[in-house]
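Asks: One structure follows; several queries about it will come next.
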């Protein structure tokens, strides 16, 4: 019975999200971009923030939270100012608009200044299990609508620096949406007073801070426990370290480089050590790992009790 209720809530949440984005497609697109459009979109942002509260399972709740609360909200906020993957909304059919807004997919082409421009210049060189799980949710969209799955990982174990790890190799959907939503605006605002090079440092730090706060929010949805801010400090620490790394590289002007093997080992060791210190304790302390395992057992039992008899196995 609990499983049936969770599935019903899951379906209701996603139909509600689709309805909200239909409002954006048919109504909000008629409003000039800028602050006025933002005012009409803010209720949708709030709606997406409260929708996942009806879900309690990790396997249904986690991707829903990530897609709606983070990716979709950031995409429609960018859409308010004709930025991001929805900026070419005038050339997108409704199904394409909904898919791009709700899922980690992107159009093969966008229309800019009357020209069709390919978006496939960046692709992941390796598929890992996490990407496979995410891809399952959008394979039908790719097959039916011709949309590309956004790359997730690019051999992160080969990272030679924190900048390389976070910017070009790990969970590429996140930097892909944080750059236009946080990094570029902050850098643009500060460039006039600090100059472009210096402005990039607070922009990097702010990007990591926002990422930390979004992870903290996701942890809250999954555990419903008061935040302890450990995961936020994890990203703040990494933001500071990336800023130091960028500054050192600029100081030496690329004239000195650490051996790639040594820098790679140090990078992965630092990520692992800080992750064990700040990223994972909230997960383990709140029993989310055990909850995920228990849900897997429930799914296996459902398959054995309901699906296999139907198939005659």
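For all residues, glycine too, the Cβ spot is worked out from N, Cα and C.
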Asks: Looking at 228-248, 291-311, which one is transmembrane segment according to TrEMBL?
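Replies: Spelled out, TrEMBL records transmembrane segment over residues 228-248, not the other listed ranges.
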Asks: Which range, 35-53, 92-110, does TrEMBL list as transmembrane segment?
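Replies: The range carrying the transmembrane segment annotation in TrEMBL is 35-53.
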Asks: Same-chain Cβ contacts of the transmembrane segment (12-28) under 8 Å, 6 or more residues past its ends?
Replies: 37, 40-41, 44, 47-48, 51-52, 54-55, 64, 68, 72, 76, 79, 89, 94, 97-98, 101-102
Asks: If you average the pLDDT over the domain 'Wax synthase' (150-236), what number do you get?
Replies: 92
Asks: Using a Cβ cut-off under 8 Å, which residues of the same chain at least 6 positions beyond either end of the transmembrane segment (35-53) come close to it?
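Replies: Sequence-remote neighbours of the transmembrane segment (35-53) are 13, 16-17, 20-21, 23-24, 27-28, 61, 64-65, 68-69, 72-73, 76-77, 79-81, 221.
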